[in-house]
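Read through the structure below, which is laid out as structure tokens, and then see the notes.
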């Protein structure tokens, strides 16, 4: 049997040099991690991690301002690249520019680092394929149902790697999409149906409750369209919450292979690999089936034009939701903005509070349904 090479050792000088070249290396005690590929995804913002480049983050993991969860610490281990050489564990001094590096870096160190082959990926692995419960070399969809009672814990331990669901390349293609495809497909539909709704209302033939009574039916004027459209968006935000909470986060029985498989297909795969960029928005083909279903329901409940007006508002809300969901995973909003807080909130849902925080485009519905993620508190030190 071939002996496995031990972890590589890095000197403090080499770490400083690599950080000076743009890498984001941090240590936790003596363990060294390369976060260069993760900095833009960090919920606290890229600059926060950049400022800590070259430093020991063991204290920062415990907060304040944020106490990192067990999943976050497990996630960090995916970027492990080696060990800091004994005697070099001290944190380099902070610079006045806000980085974790000292103000000057020896040019010889930079040159040496540039001439050293890139080996920071020697220990990098997103999942221990030998110990994991599934075979990552094969499509996962038909495997997860066999996990039984271990499924719920496994699916909520996120990894940073793409997922393949199907054996069929065609089905796999239909299950993935780029974020901009959703915008390109549905935005023209929203614009066209908005025009159809407004011009139809302008004819003055639409009346509410006309199927029950003609004497007391209420005319719906074209000027009502913006308000009906807004009502559709509000109804979508409620539907978004309800689907996320009661469908996507149902806990399938451990003995039911098919419900576990369905859960993984609908949402479990997103929690297992939250940064798989091709699976962050709803692919247009399956989305069209769901959207068609809701359109049919509205047609049954409301007069044709009124139902269409509510529907197009809801469809617009869905497009905004999908775009926001992608941005909350891959965007880097400015600290203090609404989206910054929403990104941190959503990441907490993924890594620690899977049974709360179901609002994505808004936290509003988490308040009345009592599923708001609690704010963290820290005891003041003397």
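In case you wondered, yes, glycine gets a Cβ from its N, Cα and C as well.
TrEMBL tags one of the stretches 280-302, 349-371 as transmembrane segment, and that stretch is 280-302. Distances between the Cα of residue 68 (heme binding site) and those of the binding-site residues 249, 267, 329, 350 are shortest for 350. Each residue contributes its Cα atom, and for residue 329 (Zn(2+) 1 binding site) and residue 349 (Zn(2+) 2 binding site) these two points are 12 Å apart. Secondary structure of the domain 'Cytochrome b5 heme-binding' (7-85) per DSSP, as helix, strand and coil residue counts: 32 helix, 17 strand, 30 coil.
Here the Cβ of residue 68 (heme binding site) has 16 other Cβ atoms within 10 Å, regardless of which shown protein chain they belong to. In the predicted model, the domain 'Cytochrome b5 heme-binding' (7-85) shows an average pLDDT of 88.
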